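J.: Below: one structure in structure tokens.
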Amino acid sequence: MADPASNVLRLHDTHLRDKRPFTPLDPENVRVYFCGPTVYDRAHLGNLRAMMCADILIRLLRTMYPRVTYVRNVTDVDDKINARAKENGEDISALTERTTQAFHEDLASLFILPPDIEPRATHHIDDMLEMIGRLVENGHAYVAEGHVLFAVRNFPSYGELSGRSLDDMIAGARVEVAPYKRDPGDFVLWKPSEPDLPGWDSPYGRGRPGWHIECSAMSHRYLGESFDIHGGGDDLLFPHHENERAQSMCCYPHGKFATHWVHNGMLLSNGEKMSKSLGNFFTIREVLDRSPAEPLRLLYLGAHYRSTLDFSWEKLEEARRVLDRLYRALERGNAQPGTALPAAVMDALCDDLNTPLAIAALHPLADAAMQGDQDAASSLLAAGKLLGLFNVTPAEWFQSGVDASAIEKLIEERLAARKSRDFARADAIRAQLAADGITLEDGPGGTTWRKA
């Protein structure tokens with residue numbers, strides 16, 4: 001069995017483009033920041049990828065270190081939010097509250113751990129303005145026509161995180177460059193806001209923050225100038241994370257900002273990029289309306305976080321069948337809580353969160369548990385809990401998604417038929433239930449049922 005304290009976690013660092021041992025700045029308090037949602041619509045399966053990556057990382061870190069401070073922001077001021085509220089004829093605050101609550105409900109349904117701190121951008125405007133003021137003062141930002149822009153040429157390592165050359169980025173740009181920019185690569189820290197849109201008074205006039213400064217200000221507010229891990233989807237690597245790193249390191253030159261960068265791969269649907277026009281675009285809620293949560297969770301765990309994950313309904317059904325077998329093993333082996341984690345599972349997760357290998361390590365335990373090995377069943381339970389699985393009892397799992405009252409009524413009818421020696425009717429009821437995937441088990445205490 002594994003001793004979590006003796007394991008060494010090796011994580012791929014996007015910045016160094018290599019897998020390396022994770023060494024926290026303070027082993028007594030590991031500090032982690034993940035970019036959260038922009039709350040203008042229901043979260044979709046692609047959004048879920050980063051949240052699952054963060055969840056497994058946080059679960060693992062909490063088995064290895066005494067304290068983990070996990071911060072995940074909510075972006076509640078954004079042009080997409082403004083446009084959607086106008087399209088809906090809805091108040092902006094009503095839209096952001098509704099979609100934030102829906103986001104929380106979706107993640108809770110999937111047993112994803114909440115962050116310790118969940119700052120909202122609109123609650124940290126003063127923190128953003130303080131950073132912007134420092135950047136203007138030290139020459140890394142400038143004011144132009146009511147905008148404040150970051151001067152990328154003044155930060156020599158700009159592009160280092162994403163592996164891009166600034167000159168190549170500018171040469172490849174096809175968008176029209178705003179005339180007030182000194183350099184085409186300069187990005188907005190603050191911009192003017194129209195009277196009918198959210199805005200705050202500032203030394204630069206009434207306006208609102210740019211996207212990138214929001215995360216820099218909130219991570220600094222709760223985690224300081226240096227923290228351990230910054231994560232998110234690889235679609236955020238450039239420009240968002242590149243710009244975060246630049247403005248934070250220029251604002252606080254004695255800090256390291258994030259010492260380790262973790263990025264997850266993207267999601268396909270039936271082998272193609274999700275698109276409403278292709279009919280393969282699904283929100284989390286749409287999937288959970290058709291399936292229990294744990295199969296979706298297992299499907300995500302079945303792909304390494306840095307690889308591309310391909311969603312399909314067939315794969316979701318296969319994940320459900322796998323869970324049927326694992327839950328059956330827990331039941332047969334009479335799994336008990338409190339067992340140490342299996343070494344094979346810890347070793348897999350400590351190797352860059354290798355969840356496919358961790359899932360593979362569950363199957364030998366399930367094989368033994370199916371033969372009545374209680375130790376194996378208990379180890380299986382402990383491993384599954386670390387992975388965020390086995391959130392219900394086997395009895396609850398096998399009775400989910402069926403009409404329990406209708407089954408109980410048929411069992412009572414069968415009992416009455418047997419008492420009246422109408423064995424043909426009793427056998428017909430058993431056969432009817434078996435055809436629906438329900439197995440009856442007669443014992444001294446009466447008849448119980450389970451999904452086959």
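Backbone N, Cα and C define each Cβ position, glycine as well.
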J.: In Swiss-Prot, one of 37-47, 136-146, 312-322, 411-421 is tagged motif ''HIGH' region'. Which stretch would that be?
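T.: Based on what Swiss-Prot states, motif ''HIGH' region' spans 37-47.
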J.: In Swiss-Prot, which of 88-92, 198-202, 273-277 is tagged motif ''KMSKS' region'?
T.: 273-277
J.: To the nearest Å, how far is the Cα of GLU244 (Zn(2+) binding site) from the Cα of LYS276 (ATP binding site)?
T.: 31
J.: Measuring Cα to Cα, how many angstrom lie between CYS35 (Zn(2+) binding site) and LYS276 (ATP binding site)?
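T.: Cα-Cα, rounded: 24 Å.
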J.: In whole Å, how far is HIS240 (Zn(2+) binding site) from LYS276 (ATP binding site) when you measure between their Cα atoms?
T.: 25
J.: Which one is it: of the binding-site residues HIS240, LYS276, which Cβ has the fewest other Cβ atoms within 10 Å in this structure?
T.: LYS276
J.: Within the motif ''HIGH' region' (37-47), what mean pLDDT does the predicted structure show?
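T.: Across the residues of the motif ''HIGH' region' (37-47) the model's pLDDT averages 96 on the 0 to 100 scale.
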